[in-house]
Amino acid sequence: MEGDIIETWLRKHRFSYIGATRHPFILSIHDGSIDLNNFKNWLGQDYVFVRAFVPFVASLLIKAWKESDDNSDVDVILGGVASLSDEIAWFKNESSKWDVALANIVPQNANQEYCRFLEGLIDPDVGYTVAITAFWAIETVYHDSYAHCLDDDSRTPEELRETCKRWGNDDFGQYCQSLQSIATRRLAKASNDVIAKAEAVFLQVLELEVDFWNMSNGKN
Ligand SMILES: Cc1ncc(CNC=O)c(N)n1
């Protein structure tokens, strides 16, 4: 649809989007060929990421509260905060199943870069529209990636299905749709300058996600 900025970006940057959501790590889960050491590497690194994600989402909540023209935005983001609390408990439980010691995880370069990017978005000079666009992109890449591993034709190993469901389930998909609606509504009213910044942030998220998946093979 003409005028829907996010749909336009998804067409324009289709190849970058597919690169982030159909990465070899995800494809190896989907076809069952995954080396479980790669999964363990991802698990430990993602726990570090999610801890840094919490203050970013908290800052987004503040931006929404101050800048949004629609009260329900805060409710949607608050739902995100609540599920992160659950998610951190899940990481602790999952890592003990896999013998991954969360206390000893050394964040790799790509992870540090992603966390620095999140910290930059916490800055009050970064407006709500740009920050909600980043949030939508970060959540959507995970949903789209892990939902693929639950497709009917997937051969995802049984012991990874629960992980895939965490981000690939339909409720999480609905939540990503709510974030997309918020971002679309904001972008429709934004200046060209803000739209350009938000598009750049969207593309940065796609690159950071590719680098993040790349870490799973432990070669950094
Ligand atoms: C690197 C990365 N990107 C997105 C997510 C999904 N959001 C919260 O869990 C995640 N866990 N990790």
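Any Cβ shown, glycine's included, is placed from N, Cα and C.
Automatic, uncurated: that is what TrEMBL annotation is.
For reference, TrEMBL has these:
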- Glu209: active site, proton donor (ACT_SITE)
- Asp46, Glu87, Glu139: substrate binding site (BINDING)
- 12-216: domain 'Thiaminase-2/PQQC' (DOMAIN)
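Sequence-distant neighbours of Asp46 (substrate binding site) (same chain, six or more apart, CB under 8 Å from its CB) are Phe91, Phe212, listed in sequence order.
Using the Cβ center of Asp46, Glu87, Glu139 for substrate, the list of other same-chain residues with Cβ within 8 Å runs, in sequence order, Phe49, Val50, Phe53, Leu84, Tyr142, Arg166, Trp167. Here Glu87 (substrate binding site) comes close to Val50, Arg166: these same-chain residues lie at least six apart in sequence, with C-beta atoms under 8 angstroms from its C-beta. Cα of Glu139 (substrate binding site) to Cα of the residue listed as 'active site, proton donor': a span of 11 Å. Summarising the environment of Glu139 (substrate binding site), the number of other Cβ atoms within 10 Å of its Cβ, over all protein chains shown, is 22.
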